[in-house]
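Enquirer: Shown below is the structure under consideration.
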Amino acid sequence: MEGLIDPDWMVAVVPHGGYLVALIIQACNLVQATTKQPEVLYLSTQFIGSSTPGPCTITIQRIKGGKNYSNLVAKLIQGGKENIHCQLIYGILPVAKHPFGPFPASSNYLTLAHPSAMSRRCPLATHPSKCIATSFKRPYTFAKHLYQAIDPYYATMLESQGHGYVSTNPVDLGGGGSVWAAWFQMKNEEDVSSTPLAAFLADVSPELLPEVLAKQRGPMWVPTLGLTLDFKHRSPSQAPGIAPRTFGVFLTSKFLIEGRHDLTCEVWTAPCEIGEGTEQVGWQDRMFCIASATQSALTVPPAANFRKATGGKSNTSKL
């Protein structure tokens, strides 16, 4: 299947990894559209080489097709070189609806949801109506398509971690790491497909360091090595209390060792668009997780990115 990598979705001069995964999902969705498993449930991706704007080929192979699930392998190829290798599982996603009340088991499958104490609630702290759109600090060419509103609660928490040192005590094990959250809103009015967009947003990560530490080190580029996505719900195109073009992103990072760090991301529905609507009590209980993601990424000087535009070959490794 032939495709085109749009230069509107770049990190400086390199195509955004989440955007490339979204392209792969869209291609696989076309292949699976006429089957009994039309929606992606899970994917695991390895970024083998750097891609460039322009034509690409996406090859898709169905490894297994069963009653409930189909297994696919997809590859993004440019210049005869495999740049991305992706394994996907397809099935049927539940629609994000029924904002209150326990979910009954269906087909012998159990669902944990509000008001169960074991269910996960939306972790974003500040309602989007109380957030203000802010500019991106990174050289994202896709900023023209996307609004960002950082959750001030987590922004303050992150900055507070940049001062001093904390010792572990016996009653407070673990700790450390970085936490960040924001609302993202697509600027266009067209319908948004939640699964490719969730893949894109899961990879739109900030520099998870307090300003006081980031300034000491200078700007960095954060290329993704590997990304896994577990899709939870399909967001309906029209549903009361769910904004069709806005999503919440919650990020945590626990380790940064020799430039390589982990990242866990949750993508949630939003109750309204940024700066609009009114906050209602318990609004977090009405939101649904669209997808969760984990990734391994590098933290390298920005020159590694710009070398791609000054003679670097498109089939060279991100490393």
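From the backbone N, Cα and C atoms, a Cβ is placed for every residue, glycine too.
Summarising the annotation, TrEMBL assigns domain 'Acyl-CoA thioesterase-like N-terminal HotDog' to 6-86. Residues annotated as domain 'Acyl-CoA thioesterase-like C-terminal' in TrEMBL: 169-270.
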Enquirer: As a quick check of your reading of DSSP, tell me how many residues in the domain 'Acyl-CoA thioesterase-like N-terminal HotDog' (6-86) are helical, how many are strand and how many are coil.
Expert: 16 helix, 40 strand, 25 coil
Enquirer: Over the span of the domain 'Acyl-CoA thioesterase-like C-terminal' (169-270), how high is the average pLDDT in this prediction?
Expert: 81
